[in-house]
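Chemist: Next up is a structure, given as structure tokens.
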């Protein structure tokens with residue numbers, strides 16, 4: 001047993017030709033977050049605090065589609081969402097439709113800790129953020145030039161961008177464009193601490209060119225985010241598919257009702273979703289880790305008290321993270 005941690009920075013059709021300037025900052029952030037998490041777990045911090053800490057760090061990194069790096073709606077605005085869940089108590093909190101909150105995951109934690117509710121959205125969530133005194137910024141803080149260009153490309157192609165390498169309009173016969181659209185994925189973290197507490201947290205900016213008001217899987221408890229006494233799960237990919245297949249809850253259900261191991265349950269659930277749609281990270285009460293996906297790749301990292309650690313994107317590029 002012992003503590004274990006896993007995190008992701010999005011799954012999708014990630015081309016192996018991904019330029020170093022787009023690949024390396026993400027991998028560096030995964031490594032930094034893994035080191036922060038392992039230090040916190042070794043120091044005895046609760047799993048819920050650790051997953052919030054990690055996701056906050058990823059929200060603050062402009063290279064991921066959450067917080068500062070959130071992609072834009074069809075109106076050119078940001079609508080961020082997040083969720084947290086404590087496995088032992090099954091307490092949870094979720095938010096969506098945020099346009100000014102710097103760390104959506106921490107507002108989700110406050111919804112869990114400070115209200116009788118689970119889910120707050122849009123104006124109500126923003127008002128609650130002001131009441132709680134969380135850090136906010138003008139919406140323009142989240143609207144980067146790079147994401148303006150992504151939105152322009154998506155509008156030109158008349159699509160909601162859900163894939164790393166969908167050809168641009170007029171480029172169907174060419175190689176994937178240099179703009180790899182690699183910010184489509186959520187960020188998430190799952191952990192079990194030395195006391196056996198399980199927790200999960202997930203955060204995202206959604207999809208490029210999504211309709212205003214669209215809500216994805218991330219804040220939907222049981223779809224993109226779920227934890228109980230058996231496991232903690234954070235999913236990434238195409239939100240509509242993840243919601244339809246109740247991905248996160250199904251992993252726990254396979255363990256609870258089918259007697260499957262974490263790895264077998266995660267593999268079966270991901271295998272039941274159409275290819276190219278989903279990835280997830282999960283930890284079990286026994287300290288097992290699973291990181292599975294049916295996309296080309298998934299930005300991911302993990303570490304265990306037993307000494308195993310890795311950071312990777314594709315199936316065959318696993319690096320020792322040396323935590």
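Placed from the backbone N, Cα and C atoms, the Cβ positions cover glycine too.
Grabbed the feature section from TrEMBL, which reads as follows:
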ACT_SITE  186  active site, nucleophile
BINDING   214, 215, 216, 217, 236, 237, 238, 239  substrate binding site
Chemist: At the Cα level, what's the spacing in Å between residue 239 (substrate binding site) and residue 186 (active site, nucleophile), rounded?
Modeler: 10
Chemist: Mind telling me which of the binding-site residues 214, 238 has the densest Cβ neighbourhood, counting other Cβ atoms within 10 Å?
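Modeler: Max Cβ neighbours within 10 Å, all protein chains included: 238.
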Chemist: How far apart, in angstrom, are the most distant Cα atoms among the substrate-binding residues 214, 215, 216, 217, 236, 237, 238, 239?
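Modeler: Result: 16 Å between the two most distant Cα atoms.
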Chemist: Expressed to the nearest Å, what is the distance separating residue 215 (substrate binding site) and the residue listed as 'active site, nucleophile' at their Cα atoms?
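Modeler: Distance between the two Cα atoms comes out at 13 Å.
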Chemist: Consider the binding-site residues 214, 216, 217, 236 and say which one has the Cα lying nearest the Cα of residue 186 (active site, nucleophile).
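Modeler: Closest by Cα distance to residue 186 (active site, nucleophile) among the binding-site residues 214, 216, 217, 236: 236.
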Chemist: Test of understanding: give the count of other CB atoms lying within 10 angstroms of the CB of residue 186 (active site, nucleophile).
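Modeler: Around the Cβ of residue 186 (active site, nucleophile), 33 other Cβ atoms lie within 10 Å.
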Chemist: Here the binding-site residues are 216, 237, 239; which one has the lowest number of other Cβ atoms no more than 10 Å from its Cβ?
Modeler: 216
Chemist: Quick one: among the binding-site residues 215, 217, which has the most Cβ atoms sitting within 10 Å of its own Cβ?
Modeler: 217
